[in-house]
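The structure under discussion appears below in the form of structure tokens.
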């Protein structure tokens, strides 16, 4: 076994092995219970970032643990075509060549898109292989490949024929940059600084006016009413009266509507039904006219000539100027309000009236809510259930059409005459292929709808489309692997994707698509800031894998992944994880080196002393906690338990206590302790392998020789049965406490580690006395004690250090071990230095300007330094008392 762990060569070896040997391939096996995960398909535009690394590491941990637990596991890989995002990437490349998609035309542009996808679209899948993901690569799917396309068509046609998909002109979220409609959940809202304009709307038949407050003065050109709250007494006498629209001079009514907030602005709001969702609802309840004044390019239409063709921004400036000159502008005040932007390009969204395809999700939403309430789908953590249900209960019909070219073209055909004009008497036909004949007029000429489906439509079918539902809804794979077991995802796509999959799963399969939804947080930097290129705080997982090793990346992510909460991570996290990997390697190497000359070990575990019983009991405790943590997706808990057991209990305590027996001349003694060391090492490697698959696979192969099964293909070893576990742990805890206290005393008294000392134990409890006497060899070995004296009512010697452990006193005579006066002088200097540190920290903490400006984390660090200095003085003063 190599002295130093070489992560690069080991990772390369095992990546190749898992893929070539199809370690994670799965087929239907009715003798085994399936456990299935479908990957949240990353966009083909993507390259592995820390979010991908986290999400896929967590999924891989789950799949590897379930495989070790005896399940027939399947993790399906794939990518998403990405719709708008991918088209934007290719359009930018064309722009560099001085071209647009219109220069190429639809057919040529799509050829360009497919070429780009085929050339670069699998980049992220290759990177997932680098990460060590145990995916069934033979099942790799793409949301626009032939099989997935068949699923999309089957679903659309089914919903269309049920009357759930319809076409209508409604208010939609429009992105002028992407030139397409977006669903409500594709709009990202954030507060932005703007203004609130107060405008006079004069009465037609009397003096006076109503003052209206608005954040969008340019849209007043499309106003068809002013609305007030029916509970607002200020306007009770004017509801129903006619007012004149400034500039345009069009007559409009004052209406009352419960949605108006009395506290907003003046309590009177302008109503522009064609360009605001709330106003649109008001117009429906009050039967108002709808006037469209902004087109798909974000330009003004149906307005006075001077404003026609202006951008929204320019129109705002012109309208405000004219309002001011006409005496209609009362005041302008600073105001922050929520602004919607395109989730792909960040362009400000324009609400527009547009002919689109919609999906009626009313019944689907009710079924999804019932499934959540009946816990057919359980959320981890459970706190995510409430917002999920609330969102479903308030869901509007889904706008599923997009005005782009890259995507699943809507499978709807229109019968046209010889000139290409649509036959208005013939209904649109939903079909997988171009119809041969119109059922109404017997025409044979058709054109397909120009729009494509929202990317999330095909994504919503992912749990069934990956099993070729579109080709055969009754196939064996679908029956065996569906419903899937768990979906692991970030909370940012809970509504975009998770809810949609549940709706479609219940609609088409009558079952939820997964039993569990595991929601994890996002990765932040060590200051808690979200990673972004603009902040310069992005950590590249590929760089981390190169620098620290892939297992270190995976362990650090798992260790930070508290369920549902965002996590902070830094280079220090990866360094600590690499150190843990090195500890695993070095401990394993030490044990394997001691196997030289040993022909065969007894497979039966036979503890011969307290330390043996203790480590077996502690491993059982750890195994239960780790397994439970894996089962409940509590990965940070699993990682902590793995670290604590292996590094602290196994290495720092048991291996150290085993060294004397491993050096024994009696081969039987050596074999006995080695059999326990090896048995626990193997079991620990199995439990660590879901998180750190590379290093554990390599050590497992060395331990078991190359002719045995690789660790990923084994099943977890049986539990160790230890009688009186609690009693064993309690006894060993007493010994550990004694050793730790003596070590601390030695350190505080500056006694060289090489020097053996005497220890006197003043014990009144006979049971503890017996435990100490039975195991005094452990104390001598690990605390460097030359002689032990144990008894009742023993006197404390002069110039001795004192500690208390297990309710009894420990005396360490110091005479002749250290220069008492020199030690006193050294400790006095340390007290002085600590007091100076207290003065410095107090000065900072009493500075009000510093406290106001300094980050909370910095203030916390200073408080920690202050407390540490105070504690140090207490400890040193105690030591000085011992020295007399």
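Numbering starts at 1 and runs along the chain as displayed.
For all residues, glycine too, the Cβ spot is worked out from N, Cα and C.
Residues or ranges marked as domain 'Aminoacyl-tRNA synthetase class Ia' by TrEMBL: 14-570.
Summarising model confidence by region, the motif ''HIGH' region' (42-52) averages a pLDDT of 89. Here TrEMBL flags 42-52 as motif ''HIGH' region'.
Through the fold, the motif ''KMSKS' region' (530-534) approaches residues 49-50, 522-524 of its own chain, all at least 6 residues removed from its boundaries and within a Cβ separation under 8 Å. For 530-534, the entry in TrEMBL reads motif ''KMSKS' region'.
Annotation source TrEMBL lists ATP binding site at 533. In the three-state DSSP scheme, residue 533 (ATP binding site) falls into the coil class.
What TrEMBL lists as domain 'Methionyl/Valyl/Leucyl/Isoleucyl-tRNA synthetase anticodon-binding' is 612-758.
Per TrEMBL, the feature domain 'Valyl-tRNA synthetase tRNA-binding arm' maps to 819-883.
Neighbour count (other Cβ atoms within 10 Å of the Cβ, all protein chains): 7 for residue 533 (ATP binding site). Shown for the domain 'Methionyl/Valyl/Leucyl/Isoleucyl-tRNA synthetase anticodon-binding' (612-758): DSSP residue counts in helix, strand and coil, namely 109 helix, 2 strand, 36 coil. The helix, strand and coil residue counts that DSSP assigns across the motif ''HIGH' region' (42-52) are 3 helix, 1 strand, 7 coil. Remark: secondary structure over the domain 'Valyl-tRNA synthetase tRNA-binding arm' (819-883) totals 59 helix, 0 strand, 6 coil, with classes taken from DSSP.
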